[in-house]
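S.K.: Quick one: structure below, then a few questions.
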Amino acid sequence: MAKRDYYEVLGVSKTASDDEIKKAYRKLAMKYHPDRNPDNAEAEDKFKEASEAYEVLSDSEKRSMYDRMGHNAFEGGGGGGFGGFSAEDIFSQFGDIFGGAFGGGGRQQQRQRRGSDLRYVMELSLEEAVRGVKKTITFTAPAPCEVCDGKGSKNPNDVETCRTCHGTGQVRMQQGFFSVQQTCGTCRGQGKIIKNPCQSCHGSGVADRQQTLEVTIPAGVDNGDRVRLSGKGEAVRDGQAGDLYVEVVVREHEIFQRDGADLYMDVPVSIADAALGKEIEIPTLEGRVSLKIPEGTQTGKLFRLRGKGVRPVRSSMVGDLLCRVVVETPVNLTSRQRELFKELQATLDGDEHSSSPKKKSFFDRLFD
């Protein structure tokens, strides 16, 4: 089943402010929270859907990516979607706004740690960017330690639950009328104490490792577009790995220049073909096509080939190819060619106004 538009899920416009997005999510979260709707699968699905939408639209970078690429921005790693995010973590951002409103408001939970997001720059040809491509990338990033299986200790018995916070990673301090939750200083928020750390990772549970992934780049991407690979960023012990963002850089093309959905190119035309007119062949991204050059074509004349441009991500419209004529003046003339040009020059000197319309308008303006 196709995912709904995130703005539609929250019931806000695409120009909604951060505050409007937060209020919309809070309203839906209050309505569909599982504690208010026990054994209601439909309410649980709506709560998760709203939380997923809020996770993206409340983050300026993710929102910008979504506005440009839609759900494609987060489905490049094969796994798709938002496999690792926690709706409860998002929900907890509202703190005491919800505290005590639901059955679980008073219980203490360990906030799951999350690794840092990583960035990988992928260089593409224009053809790859326009058509989409699958590429294999290799990079080095912190991954679960293979010696201790990411536990921080080879022997599970050497890992104890922190006695200060009882494994939650946080402690509650009473300050007057208010109860404040803080990171446990004994275990530093880990919830566990390692008595005998792994010698390979020194108890961190992670180690740098070379990784290889296949990335699917959707058709129509442009410079600066990013694809998110959920959970492929920095790994952390007893926590959620960050994401890997693959940023697209499109190499300069020898023929075409891209501007949004449109492509531009210069078409060299001989002075004879420009004067007399001719049907020529030009390249496009889909193969060669014919272009009719009318008699008397001047440098700078633009011809538009509709539908020969690019279909951007999240668009059903295909741009155009705009061909700019560049009339070439011949060089290294033979003696015969020089004679012919002199003859032509002699015939044009007395009739330059009719044969050179731009020259005529130039001198008319000059002497007005």
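Yeah, the Cβs are placed from backbone N, Cα and C, and that goes for glycine too.
Remember, predicted model here, so these are calculated numbers, not experimental data.
In case it's useful when we look at the structure, here is the feature table from Swiss-Prot:
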- 5-70: domain 'J' (DOMAIN)
- 132-210: zinc finger (ZN_FING)
- 145-152: repeat 'CXXCXGXG motif' (REPEAT)
- Cys145, Cys148, Cys198, Cys201: Zn(2+) 1 binding site (BINDING)
- 162-169: repeat 'CXXCXGXG motif' (REPEAT)
- Cys162, Cys165, Cys184, Cys187: Zn(2+) 2 binding site (BINDING)
- 184-191: repeat 'CXXCXGXG motif' (REPEAT)
- 198-205: repeat 'CXXCXGXG motif' (REPEAT)
- 349-368: region 'Disordered' (REGION)
- 350-368: compositional bias 'Basic and acidic residues' (COMPBIAS)
S.K.: About how far apart, in whole Å, are the alpha carbons (Cα) of Cys148 (Zn(2+) 1 binding site) and Cys184 (Zn(2+) 2 binding site)?
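M.R.: Pair distance, Cα basis, whole Å: 24 Å.
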S.K.: Starting from the Zn(2+) 1 site formed by Cys145, Cys148, Cys198, Cys201, give every other residue of that chain whose CB sits within 8 Å of the mean position of their CB atoms, in sequence order.
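M.R.: Here the nearby residues are Glu146, Val147, Asp149, Gly150, Lys151, Gly152, Ser153, Lys154, Pro197, Gln199, Ser200, His202, Gly203, Ser204, Gly205, Val206, Ala207.
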S.K.: Compute the centroid of the Cβ atoms of Cys162, Cys165, Cys184, Cys187, then list the same-chain residues not in that set whose Cβ lies within 8 Å of it, in sequence order, for the Zn(2+) 2 site.
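M.R.: Here the nearby residues are Arg163, Thr164, His166, Gly167, Thr168, Gly169, Gln170, Val171, Gly185, Thr186, Arg188, Gly189, Gln190, Gly191, Lys192, Ile193.
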S.K.: Per DSSP, what is the residue count of the repeat 'CXXCXGXG motif' (162-169) in each of helix, strand and coil?
M.R.: 0 helix, 0 strand, 8 coil
S.K.: What is the number of residues in the repeat 'CXXCXGXG motif' (184-191) that are helix, strand and coil, as DSSP sees it?
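M.R.: Counting residues per DSSP class in the repeat 'CXXCXGXG motif' (184-191), I get 0 helix, 0 strand, 8 coil.
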S.K.: Applying a 10 Å Cβ distance cut-off over all chains shown, what neighbour count does Cys148 (Zn(2+) 1 binding site) have?
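M.R.: Here the count is 26.
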S.K.: What is the interatomic distance between the Cα atoms of Cys187 (Zn(2+) 2 binding site) and Cys198 (Zn(2+) 1 binding site), given in whole Å?
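M.R.: Cys187 (Zn(2+) 2 binding site) and Cys198 (Zn(2+) 1 binding site) have their Cα atoms 17 Å apart.
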S.K.: What's the number of neighbouring CB atoms sitting within 10 A of the CB on Cys184 (Zn(2+) 2 binding site)?
M.R.: 19
S.K.: Measuring CA to CA, name the entry from the binding-site residues Cys162, Cys165, Cys184 that ends up nearest Cys201 (Zn(2+) 1 binding site).
M.R.: Cys162
S.K.: Just how many other Cβ atoms lie inside 10 Å of the Cβ on Cys145 (Zn(2+) 1 binding site)?
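M.R.: By my count, 24.
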S.K.: Report the same-chain neighbours of Cys198 (Zn(2+) 1 binding site): residues 6+ apart in sequence with Cβ closer than 8 Å to its Cβ, ordered by sequence.
M.R.: Cys145, Val147, Cys148, Lys151, Gly152, Ser153, Lys154, Gly205
S.K.: List the residues of the same chain that sit at least 6 positions away from Cys162 (Zn(2+) 2 binding site) in sequence and have their Cβ under 8 Å from its Cβ, in sequence order, or write 'none'.
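M.R.: In sequence order, the residues whose Cβ lies under 8 Å from that of Cys162 (Zn(2+) 2 binding site) (at least 6 apart) are Gly169, Cys184, Thr186, Cys187, Gln190, Gly191, Lys192, Ile193.
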